[in-house]
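These notes concern the structure reproduced below.
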Amino acid sequence: MERSPGEGPSPSPMDQPAAPSDPTDQLPAAHAKPDPGSGGQPAGPGAAGEALAVLTSFGRRLLVLIPVYLAGAAGLSVGFVLFGLALYLGWRRVRDKKERSLRAARQLLDDEEQLTAKTLYMSHRELPAWVSFPDVEKAEWLNKIVAQVWPFLGQYMEKLLAETVAPAVRGSNPHLQTFTFTRVELGEKPLRIIGVKVHRGRRKEQILLDLNISYVGDVQIDVEVKKYFCKAGVKGMQLHGVLRVILEPLIGDLPIVGAVSMFFIRRPTLDINWTGMTNLLDIPGLRMKLDVGKVLQAGVLDDWFPLQGGQGQVHLRLEWLSLLSDAEKLEQVLQWNRGVSSRPEPPSAAILVVYLDRGQDLPLKKGNKEPNPMVQLSIQDVTQESKAVYSTNCPVWEEAFRFFLQDPQSQELDVQVKDDSRALTLGALTLPLARLLTAPELTLDQWFQLSSSGPNSRLYMKLVMRILYLDSSEISFPIVPGSPGAWDEDNESPQRGSSVDAPPRPCYTTPDSQFGTEHVLRIHVLEAQDLIAKDRFLGGLVKGKSDPYVKLKLAGRSFRSHVVREDLNPRWNEVFEVIVTSIPGQELDVEVFDKDLDKDDFLGRCKVSLTTVLNSGFLDEWLTLEDVPSGRLHLRLERLTPRPTAAELEEVLQVNSLIQTQKSAELAAALLSVYLERAEDLPLRKGTKPPSSYATLAVGDTTHKTKTISQTSAPVWDESASFLIRKPYTESLELQVRGEGTGALGSLSLPLSELLVADQLCLDRWFTLSSGQGQVLLRAQLGILVSQHSGVEAHSHSYSHSSSSLSEEPELWGGPPHITSSAPELRQRLTHVDSPREAPAGPLGQVKLTVWYYSEERKLVSIVHGCRALRQNGRDPPDPYVSLLLLPDKNRGTKRKTSQKKRTLNPEFNERFEWELPLDEVLRRKLDVSVKSNSSFMSRERELLGKVQVDPAEIDLSQGVAQWYDLMEDKDKGSS
């Protein structure tokens, strides 16, 4: 940096730089006056140096006159002298400029520390304070907060993109129905705020902030559109700019600030590193130029074209299509297009141009106001809109629209006339395009009457269709296999197929990496304590209790427990199950309410992060209820991971039958994951038209419906679904393929028992539909849900008991299972190798029971599975039921009874009963089991078919094993 002569004290002569080579630079120095600040000190040795410099400068000027003298002596004109002088001055000017730049850089480099010290010293001594303390302040405390919040902001962004942005993108366009975010990570480098400037606004109710932000992050966001095998993303981003934040208005209530506005004052610096397919735009080699005139001249151009840069080639087939004004060649074109495989859309057979001219006598809006009409024109999933013409019911648009048609014989043009708000429909028109095929020159130029509109409301349009025909005798049209005239393998000269080779038929599905990674979360809602009392009587004078129940929300599903009447310490003991994924940031929302006749009262809420449960696998805690003075809730959460083996299925079914509560749904024993990829050879509509098909997957009452793929006999769905399986041996996967407006196209029933004998419990192949025409490619895999915290001890299948009144049998029963419990499936399994031979039933028959003590719930549990070989006393079989009683009590408090079965000697009940008793009390009692039958329709007498007494002290109550007991006669036989 150079300092002007007026800045600061002048340097001493000893500090002056050496004399420059330019004579003009030193001439003023010779006449310079002495600096008054020098104090009148003698010049010393510096005076001699100045005199020498003056003499040197004078000598150089004399040397300049020598070329002028020589030019005059040689007789040259003055122009040569002037030209030479101009060259010299130009050279000197460029050289001086370079020297000044070098001197300034050298001085800045050599004296940087000295100049910096001088500047700081002067600023503190001479400059005002506001220069030293600018209004842009550091915000390191804010950066620390941002760094702490950054991981949680990433979780929020992931949830926002997955739950809000992705569905909106999928719904915006039918081609983006498979759009998904596969990875969302904001990285470890947070955004930094370099400085904050606060403006004192003129208005008191406004605060203005300028945030100087800088973000150099390792963000990574990946998206995928599965339908088109398109993957893209962002890996790394830089953003620099000044963000203005306006807090306005300021109000007198919380949160003080009424609104927040944010925008960049100037266009920020943004640099995004794209990945995936978008990187192709940055590769110079993937470009080429092609002369379209060559295509017009050749008609068909099929060749390899080199890319710019000399590396790589691309194979293109270009066809110049003629526009025919008659439908004579349409069938030939459609037949050719059926043999062409193309993505994402099938090839077009025709082009339609709609010229929208005007409308007339459109209906008025409410209050006889003139409408602002606009028109929506749609063909299948393509919709185009006209401009809005304001305040008239006779609008003039004069706009043209273009549509490509795959099959003009079946497609329709849908016209909707609406007000510009899109809420009010002024009229509609549906025009089958087949009508154009019979019109002269495929053209309609006329008025069209609107439906659902005024009596004289109409539109004037001109519709022009042209058939897209490849006029080349060298091109042969392929014939679709299976159609009339199709060639077979023995034909010596088969027709040549599509120019776009069809990909080979896949043998297996290709699901994404997230398929089959779901877990099942088992939620036990046990009890609550110290809930607040919400019930009031006599206008609030008498304080009552509450009737609490629990609401659960997770993964888009809601559950609700039963209501416990008038209890501030209720026990629900209910179990709920939900399929969850490993997406971070999920939470289980729990709310407790008091049931009332009008509006339920709030008793508290709490949230549980699933990250802990998914990582540890188990959580058993008392949770404090929030937003209420008191109350806590006892929850037990268990993550069940599907296992691809059926070795533990028997034990899982047995455990589920024991721990299942009476007020909960039947527990799941397995998780079924289904991936439906595609179908082929579906039957055509009305013989020739491909259907618009969708599929439904169902297991029991749970159903999943896929998206609809329009007009193709080989739809590709690429969708997955998961189902909770409670009875793997008896349930089945039901698949139906249906067409919109055509009904069922085929169905498939896949018993889950086939999966149990498959390798890794998985089937991945083509399945033939029941209609005989069409196949589907799907993957079905089963995972067994093994609980590690059920409270039931593991046991083997070998049994030994000293009591002669009981015998055990691992049997194979073919009767229909009851819906109450999964236990009947234990009779439908393969016979255990280590089980003893079946013991014969007694003269009165046998009853099968499971007796188990649930220590965590302090309950005695008994499951009545069924009876066999009961005695028949009369002509007709009995109507049996089972009665249970805990002796010595014979009151109604301990009595339980199953439902009644009609006219059978081998009834199946599969019903569960519970008694809340401590273990020591259970061991002092006996379970009296009686099998009875109704004597007659009009009588209350009951016929005793047999009974047995089970002593809980003589059996292992921790095992919960199903056993057969021989029925005995009762000494005090009678009615009860």
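Positions of Cβ are set from backbone N, Cα and C atoms, glycine also.
According to TrEMBL, the features are:
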type	residues	note
REGION	1-46	region 'Disordered'
COMPBIAS	37-46	compositional bias 'Gly residues'
TRANSMEM	62-91	transmembrane segment
DOMAIN	135-317	domain 'SMP-LTD'
TRANSMEM	245-265	transmembrane segment
DOMAIN	326-452	domain 'C2'
REGION	481-508	region 'Disordered'
DOMAIN	502-623	domain 'C2'
DOMAIN	649-771	domain 'C2'
REGION	796-821	region 'Disordered'
COMPBIAS	797-807	compositional bias 'Low complexity'
DOMAIN	843-965	domain 'C2'
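Looking at the domain 'C2' (502-623) alone, the prediction's average pLDDT is 86. Stretch with the largest number of CB pairs closer than 8 A to the domain 'SMP-LTD' (135-317), among 326-452, 502-623, 649-771, 843-965: 502-623. Break the domain 'C2' (502-623) down by DSSP state and the numbers are 7 helix, 59 strand, 56 coil. Recorded stretches compared: 326-452, 502-623, 843-965; the one with the most Cβ pairs under 8 Å to the domain 'C2' (649-771) is 502-623.
Helix first, then strand, then coil: DSSP counts for the domain 'C2' (843-965) stand at 8 helix, 60 strand, 55 coil.
Taking DSSP states H, G and I as helix and E and B as strand, the domain 'C2' (326-452) has 16 helix, 58 strand, 53 coil. Broken down by DSSP into helix, strand and coil, the domain 'C2' (649-771) contains 18 helix, 59 strand, 46 coil.
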